[in-house]
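These notes concern the structure reproduced below.
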There are 2 protein chains.
Amino acid sequence: MAFDPTSLKYDAQGLIPAIAQDHATGEVLMMAWMNAASLQRTLDSGIVTYWSRSRQAFWAKGETSGHVQHLVELRIDCDRDCLLLQVTQQGPACHTNRRSCFYTLVENGAERITSDPIC
Amino acid sequence: MAFDPTSLKYDAQGLIPAIAQDHATGEVLMMAWMNAASLQRTLDSGIVTYWSRSRQAFWAKGETSGHVQHLVELRIDCDRDCLLLQVTQQGPACHTNRRSCFYTLVENGAERITSDPIC
């Protein structure tokens, strides 16, 4: 079955959540949003390109920081309303310079930061 | 820092995306939505409880199917607008009886189903 990005289910803003997972380690790095056009750009270029909700613009991850995500594999879920991207991550994925955005653990009713910036 | 579910950033519907990852294998199983109350229920019970957007009701995963998700670890992302749940998954996570909802791979411009229902 040919894949058509416009066949997915987007929300009222035309967006779909995209989970980025480190292809080598399985670590979940971040979650951001795509629209059909940014998904098509990702497929065409092999560089993961989100849609920035704050800037209302394409967000080619790492374009300014160099922390590029190369797409290894794209999966869609059963409801066609979420994407899973296996990526090769250059440097940190998080804007705080941590490898993953999910560096805050909740345990025993408290928050604890579990990783430091890579710098 | 004490953790307060209401301190997270929810969307206009009061929801936050929650990614469920198999604690043992690292496989991303599904993505669904929580509100502050379902997150609090999850923390109190140890049973992952989403908010069903279609039913507008709590969705204690596996309540009818038996395919329960036991919470092992909860993480929040840098923007406090996404959750990562490490879980122990009983049976399939997907309503199609597949282990993961992300069983459709996009490769060479086409879709390919990569796993069969468990049952």
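Indices start at 1 and increase along the chain as displayed.
The backbone N, Cα and C atoms fix where each Cβ goes, glycine too.
Keep in mind that TrEMBL annotations are predicted by a computer and have not been checked by a curator.
Marked as domain 'Phosphoribosyl-AMP cyclohydrolase' by TrEMBL: A:30-103. Annotation source TrEMBL lists Mg(2+) binding site at A:ASP77, A:ASP79, A:ASP81. The Zn(2+) binding site annotation in TrEMBL covers A:CYS78, A:CYS94, A:CYS101.
Mapped onto this structure are the features recorded in TrEMBL.
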residue	record	DSSP (3 states)
A:ASP77	Mg(2+) binding site	coil
A:CYS94	Zn(2+) binding site	coil
A:CYS101	Zn(2+) binding site	coil
Binding-site residues compared (A:CYS78, A:CYS94, A:CYS101) - the one with the fewest other Cβ atoms within 10 Å:
A:CYS78
Looking only at C-alpha atoms, tell me how far A:ASP81 (Mg(2+) binding site) is from A:CYS94 (Zn(2+) binding site), rounded to the nearest Å.
24
Give me the mean pLDDT over the domain 'Phosphoribosyl-AMP cyclohydrolase' (A:30-103), rounded to a whole number.
97
Whose Cβ, among the binding-site residues A:ASP77, A:ASP79, A:ASP81, has more other Cβ atoms within 10 Å than any of the rest?
A:ASP77
How far is it from A:ASP77 (Mg(2+) binding site) to A:CYS94 (Zn(2+) binding site), counting Cα to Cα, in Å?
24
Euclidean distance between Cα atoms of A:CYS101 (Zn(2+) binding site) and A:ASP79 (Mg(2+) binding site), Å:
25
